[in-house]
Amino acid sequence: MWKLKIGDGGKDRNIFSTNNFVGRQTWEFDPDAGTSQEKAQVEAARQHFYDNRFEVKACSDLLWRFQILKEKNFKQTIESVKIKDEEEISEENVAITLRRAVHHLSTLQSNDGHWPALNAGPLFYFPPLVFCMYVTGHLDSIFPYEYRKEILRYIYCHQNEDGGWGLHVEGHSIMFCTVLNYICMRILGEGPNGGKEDACARARKWIHDHGSVTHVSSWGKIWLSVLGIFDWCASNPMPPEFWMLPSFLLKHPAKMLCYCRLVYMPMSYLYGKRFVGPITPLILMLREELLTQPYEKVNWKKTRHLCAKEDLYYPHPLIQDLIWDSLYIFVEPLLTHWPFNKLLREKALQTVMKHIHYEDENSRYITIGCVEKVLCILACWVEDPNGDAFKKHLARLPDYLWVSEDGMTLHSFGSQTWDASLIIQALLATNLIEDVGPILTKAHEFIKKSQVRDNPSGDFKSMYRHISKGSWTFSDKDHGWQVSDCTAESLKCCLLLSMLPPEIVGEKMEPEMLYDSVNILLSLQGKKGGLPAWEPSEAVEWLELFNPIEFLEEIVVEREYVECTSSAIQALVLFKKLYPEHRKKEVENFIANAVRFLEYKQTSDGSWYGNWGICFTYGSWFALNGLVAAGKTYDNCAAIRKGVEFLLTTQREDGGWGESHLSSSKKIYVPLERSQSNIVQTSWAIMGLIHAGQMERDPTPLHRAVKLIINFQQEEGDWPQQELTGVFMKNCMLQYAMYRDIFPTWALAEYRRRILLASPAVAI
């Protein structure tokens, strides 16, 4: 039976930590664990998900919940309430619903103070890891039978009815993910016509019906070249010499978005080496199964620009293809032959590996994310199959694996700190401080221990890194990568908790550590007044013309984001209240410029585009909160009035809100097709309206929405998993499994605190 271990570093000498593994979460299979009843519960959950996989495509993350609720002997002792038509919403009913939610949410907390949860959804994450382990000869040791079974379960659970796989679990089938998952099944032991419900045959038919494997997008071409199914001539050039360019150039790596930089860094190494794994009998079979003509007869260079229409979200501009062709025809032949292969190529490869090792060491071999992690593992193995770097990478693989009722997947990377910072604020909003004191104490300790205390090592600027001292990451301290909104939300938590008695919530954070957090937020503000996510946004935006990834957008350079800007405003306004003299003028200027940015980013319909949540509902909640925190009101700010109008006009018949993930991709508001609202998005809208003072004008829309949330609460005190509500790079959706617990609780808390405590009963 699968068990989640918290804060466990294991006994591998190749793993190390900066904070004793606080926040680390790793799954382990124990054949002797679990009673027959517990195993039956898990099997029932698996079967239920599979039977309903086309109705609700995101899992409910039940295996961890089963485990922790059992360990803590959880039983919901507070009876539920339901609000009937025309019945009044009383403070008592809301308080009961809140206490049920808090009781359940508190039980889900781990011993080190965070809330473990799934953070996944893309379907191109896991197959490359399987490919990497196959190529390096470590497939059997890393993925024994029970692991393979769960990986395959996940693949089967998320195969679309047409036989393909989407970019994410709710997406339409695309060539990239269908090819990757087909090959993954074959490597894991399924025959050409094997797999559950003819999974392999159906997938192969989809591939051939949509232009064949040569129409896979660029990342697919790279991985198939590594495997030996394609020739490297099918890939556009990724010369490692790029990393030797002078820093004054506009297209220097230092000016790239960190994720783009750290994906193409190991890719350029593999390309520069033209690395190909062992050509095994299976690889030869895959060539026959996927290609429509013999491998030797394929004109590989003509496939470079092929891409299935289903994959094509960001078509390459003509200028980009011209550059690829120029590099392919004129530059690469020079760099791969004497004397340039000795003078430049070998030196460039060494430079790239220097950067890879630096990034690995500064993230404790977690790396910035799962896509980069797998590529860096392979690059380290290619450089030295017996080297320490490869061994250290393997030791950190468990940090990415997650098991749910739909099988085993890879996290983007954990959301430990992000989730904890939101939950703390939700619990504080309940005003049930005596009920949640011990929970807040542990969470407070986790947040304090998770702050990054140092900048990256050595001359970090020469390695294209920004300061990180005082920041918080998305996951845990060991990860090391500063994130602006995670820093702002965690700083806000520390400030809020410092205002409560230490005997209830623990000792407050030292002021110097708070100052460090303020420093990093101030350092990140861009020219437009907004905040990027990771590093200063210094590059020109037209560099996006060179985005080589067909299925993502705004991936080349760092941008300024509404959500990050709002979080920073809220944190710095509170900081200014508690520490009014620290960098006073700079903080005031920051807030003023950030407000102007939020007003500038508002769309014509009054909404704000959300970059990290779906979509205009999410962005509008953040923007309204930021503007109000800065002192703006409905009466004195046209942006708030327009934002409120947008939310009111998108409220649905059942009282809630429901926005499709297509809003993110199409960049226009698209409602959910089904009539039922999304509880998480409803919660965002409620909080946005409350902060904008809707209760003072007409509270009826709020009452209708809260009634929906109360009536949707489940027996144990949580809410059901519905559609995905996270997103990145415009087109790829992400599941935050804790959102269904966090935001309804938070919205009810704000409603009770700001409305009902002043009005004993409300008729709707």
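Cβ atoms are placed via backbone N, Cα and C, with glycine included.
Swiss-Prot annotations:
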| type | residues | note |
| --- | --- | --- |
| ACT_SITE | Asp485 | active site, proton donor |
| REPEAT | 148-189 | repeat 'PFTB 1' |
| REPEAT | 514-556 | repeat 'PFTB 2' |
| REPEAT | 591-631 | repeat 'PFTB 3' |
| REPEAT | 640-681 | repeat 'PFTB 4' |
DSSP helix/strand/coil residue counts for the repeat 'PFTB 3' (591-631):
25 helix, 1 strand, 15 coil
Cβ-Cβ under 8 Å from Asp485 (active site, proton donor), same chain, 6 or more residues apart: which ones?
Trp418, Leu531, Ala533, Tyr561, Glu563, Cys564, Ser567, Ala568, Trp612
Need one number: mean pLDDT over the repeat 'PFTB 2' (514-556).
96
Helix, strand, coil: count each for the residues of the repeat 'PFTB 4' (640-681), based on DSSP.
18 helix, 2 strand, 22 coil
Counting by DSSP, what is the helix, strand and coil composition of the repeat 'PFTB 2' (514-556)?
17 helix, 1 strand, 25 coil
